[in-house]
């Protein structure tokens, strides 16, 4: 492999990263702008962060978003895990193909359609739009993602582990909680995190299914931007980016360390 | 104390008509969709027996084990354990334990916790579990690895943990699915003897599934040879090898030369067979073959003598050919002798002395010969 820094390589990397990160860098830089004008640099300042925390509308929206994401991710994880278990374990029941297709359809369904159909449903059953309806909608949206993540783990799960547990006297329910669940837990956790993130930044479905008093942060930001971008919004976005970035980096560092430790252990074991 | 050898030698319950079988498969059939894995099979295993199920992959041996463990139910027929019909009893209530081919060690538990798992399920008091686990660790010589996780162990150590875990509950029957399949050759040979000692000292009934005939011959009291879901023969290793019941068994266990022919004459002492490639074969082991019937004469390579000089016993059990191939294996030498009609006979000679007094080389003229007791007649 040619690993030298040829002119072509450098150009590709610079262009690629610029394409990906330039908008974000701009946003972060201007969140520290002294000037109220978003596109004119007026010196460094953190005052917009201060005023952000004074902005009750944005803070309320953030709180709503956090609660919706927590609840919907948790419920979606339980349902998605159950769906994944059913799909991998009971491969012969009637309507399995239909069921698996239906579970995964929301993955490719245009969000506008999901949002609209949920709105029609909520109206039809007379459910007042608000916190509950956004949460339900997000469960619907994220459940299939959890199911996909957990299912892919279950496909490589060695069934003889469960058989061994039963052989040693553990009934099926005990076997699940003592063997299956701990082994697939990492996949369930990443499913949860995925669901949480999806819920956190959803705008389309929330717009359809939310009502007064349950405005999520993306909705709030979007509506404010339509009146003009303020540096406060930039600050809010920067914080969001920081939170997500820290979470992702922490997760991957922990994963990497675990992997390295595991590899070392295995090599040590082989040497005897 | 009696040595293990003397116990083994006197252990032949299958010859005792009064002995009660401990495990009985009665006309068991298992179908998966259109595929018949086990076909109307009957088999008995006695208490404290080391029983091997031997066969190629897909012969139904693992299915038998899984039905005994309770992971699969027979489509027809029944399985009795100590007189009790096992149908409908879930795996977690059966007094049998299984050692899995993949070992199936719980990856999130330490060695200790793996071994204790089964004991916890039966509600054994904590202190007693500790004692039993320590005893098991000692038995498999893994005391210093108690706190390790499975991925921190070598293949051989994992195998021992799996073994310790499966015998920890003192099951009535231990089922072993290819227990040594993942070990290298040397370790496998050592472990075979350890398994035998363990079985004797714990006094358990072992049923082992294997595709390795050497492994089955080394360890088992009796071997059942399976093919396409049916039992071909159940016998001691010596009987299987020296008195195979069919062409399949003779060909499956060890190497064999087969000569097709017809029985020319037959009396109480044996039969004279005219083989299709011109040999005259005298044998004492003619079974039920009658004069005129087509038969197969089977003879093991080590029972054929190769010599550069024509043996004295006139024209019976003798054939001339040339050395076609030689493989020197150290302890013995394998010669392939091509007869006049092109039939290649495999022979093997023990290298009892360092330098052979009758050296043979490629393309040398050579005579093969064997005694009237060396081979057996199989029905065609």
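Just so you know, glycine gets a Cβ as well, placed from its N, Cα and C.
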Among A:176-198, A:199-221, TrEMBL lists transmembrane segment at A:176-198
Winner by Cβ pairs under 8 Å against the transmembrane segment (A:61-85), considering only A:12-32, A:97-125, A:131-155, A:176-198, A:233-254 = A:131-155
Are there 3 or more C-beta pairs under 8 Å linking the transmembrane segment (A:131-155) with the transmembrane segment (A:97-125), counting only pairs at least 6 apart in sequence?
-> yes
